[in-house]
Amino acid sequence: MFYREAGDFNTTYAEDQQTFPIKFDRYRYYLVMFIAIVVVPFVINDYWVNSLLLPFLIYSIAALGLNILVGYCGQVSLGTGGFMAVGAYSCYKFMTGVDIWWGGELLFRLPEFNIFFSVIMGGVMTAIVGALFGLPSLRIKGFYLAVATLAAQFFLVWLFNRVAWFYNYSASGQISAPERGFLGVLITGPSTAPWAAYLFCLFFTIICAYAARNMTRGAAGRKWMAIRDMDIAAEIIGVNPLRAKLTAFAVSSFFIGISGALFFAVYLGAVEVGEAFGITKSFLVLFMVIIGGLGSIFGSFAGAAFLVLLPVALKVVGVDFLGWPTDIVAHLQLVIVGALIILFLIVEPHGIAQLWRLAKEKLRLWPFPH
Amino acid sequence: MNEQLAFTIEVFANGLMAGVLYALVALGFVLIYKASGIFNYAQGVMALFAAMTLVGIQNGQVPFVHLINAIFGTEIHGFGWTVPSFVAIILTVFVMIGLAWAVQRFVFRHLVGQEPIILFMATIGLAYFLEGVADLMWGSELKTLTVCATESVCLPQGMNMWLETTTYEAMGYGFFIDNLDIVASIIAALLVAGLVMFAQYTKQGRAMRAVADDHQAALSVGVSLNFIWILVWSLAGFVALVAGIMWGAKSGVQFSLSLIALKALPVLMLGGFTSIPGAIVGGLIIGVGEKMFEFLIGAPFLGGATENWFAYMLALVFLVFRPQGLFGEKIIERV
């Protein structure tokens, strides 16, 4: 009844091409933004931020990035964990001042970057590394490429484990974020206010989602989709596969790098590379993209929300409510996640985003069946 | 004989043995991929599941005992008997066949005609599911696996003394090779020979190859796809059981066992997804390559533990020059 485009007239091209052409969608979007920016920071506490909101925002960015690569450009990657590690370690190096050594002497040391720019630099460095590992995608396709990206995953984790320069020669081999602020508010370190960390991550999430949305419906996104649908045909109609694939790898890695940097600096505070950015992380983000919906911005958020909420919900029900031992609940969680993935693939291969689209279609027609 | 050279040869031999085990896991992948086009990521977890089931049956554990105790507040520990290895292996084979049937019936039957990448994702889901079920069924603690044919004849442990003393007398340097590795290589070779014979000379094997060649043509001459797929998954389950026994006897039955699936991936890339000889040659190349690289370059210059990534890098570089793998069919692309 209320959700339809009837009576909603567009008189300019800008209006016609806007992201949310239906009024109801637009107002809902404004409402969500209002609540997220103005209301939520005042009502949240430490538990909500650390167990739900921060992981959700950070994984959303990673899922957006991977969705650009897998969902829009069709290049399957299992290297997400490794790329997140690049983001985290570059952020750490820029936060603490990059030192360049040559022949045993300190050549020069960059000044310590502000946390904001450190996170951006994390994204930039990851984009470079991502484009480098994207090069083989020009010759290798499909499964072979998926396995080739595993090389990135294992090599990068090994690199950050072995080369002491990356973790500033600390004895534990861990990196831990020093206390840094932005605009006079503490963002990293143990005494950060929950709302500050939340707003900092929210800012990046909004910017990334905005950029992803507009890139994927512009010329770049159309080229990616042409490559995804059939790369040879795309090449024949004039899409440069080298540029399309490498930009997809670079943009996707940029997002993943930012999420890795936030994951380390704001969310965890201290990480050990094999534990935080192992192969399981790659699969987790891939599942978010698949369950959420390949080739959908909304799907990235839905998938991230689903897989962040599920373990928390299971823990609340299993451990707190039923009183089962934690290890049994952890195993049950594996079973349920696995079964859900299979179920989703069987029932709705296009993920939660497709369910949402169907629901919207039903709403538009309601109360009529057709 | 030069000490350094002898040591290099020993590393080479150990690499070959490790390669045989990689090939064994890769073989399970190839079987399923050829017959159904499914890239089965769950192969490693199947090996884990098989090994855990074998240990559980041997020790007379009650399945899902922790879960049952948690739900009903009971204090069950086990049946209180032990089953001889031979019987336990046969029972485990039946479990794996049941698993193959269930996977076919409840998962892949509903996914016929989907894109390969969706099928691949489904097997990742299956891997999570199986891992959780295995942990719930038998508990997640480290288990030791000893398989004995009779009271006294067991899968051997430790290094081969005979080989060491003879080579020491002959060349002045004793080779250090695990007994288990030798046995594993022989069993793997027998298994491969058996599978090839099965595929070449039996009716079911011929049907299997027909399905691998062309699904529709096979259907039209009356081959039951359903049966072949269950057969292939059972065979892969059996291969997983053998791989699980070998790795389990070597380093205990635990979660890391399922990670050998990841090691089998570069093997497959080298050998090509559709070739049984390719899986074997690829396995040997990877096994020898990573041991030699670690020994010659990794440990002295790069700080060690290069085994984690060398195989993938090798496969990556190799694929850039030959995208279809060593023995893979030539890829012809059309619009």
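Glycine too: its Cβ is placed from the backbone N, Cα and C atoms.
Annotation comment: TrEMBL describes B:12-33, B:45-72, B:78-103, B:115-134, B:182-202, B:223-247, B:267-288, B:295-321 as transmembrane segment.
Taking every listed stretch (B:78-103, B:223-247, B:295-321) in turn, the largest tally of C-beta pairs under 8 A with the transmembrane segment (B:182-202) is reached by B:223-247. Counting residues 6+ beyond its ends, the transmembrane segment (B:223-247) has Cβ neighbours under 8 Å at 21, 24-25, 27-29, 31-32, 35-36, 40, 43, 46-51, 54, 89, 92-93, 96-97, 99-101, 103-104, 108-109, 145, 147, 155, 180, 184, 187-188, 191, 195, 204, 207-208, 210-211, 215, 253, 257, 260 in the same chain. Long-range neighbours of the transmembrane segment (B:267-288) within the same chain, counting only residues 6 or more positions beyond its ends whose Cβ lies under 8 Å from a Cβ of the stretch, are 12, 15-27, 29-30, 33-34, 39, 192, 195-196, 199, 212, 311, 314-315, 318-319, 324-329. Panel annotation: around the transmembrane segment (B:115-134), residues 37-42, 44-46, 48-49, 52-53, 103, 107-108, 255, 258, 261 of the same chain, lying at least six beyond its termini, place a Cβ under 8 Å from a Cβ of the stretch.
Sequence-distant contacts of the transmembrane segment (B:12-33), counting only residues of its own chain at least 6 positions beyond either end whose CB sits under 8 Å from a CB of the stretch, comprise 39-40, 43-44, 46-47, 175, 177-178, 181-182, 184-185, 188-189, 191-192, 195, 232-233, 235-236, 239-240, 242-243, 246-247, 260-261, 263-264, 267-268, 271, 273-276, 278-280, 282-292.
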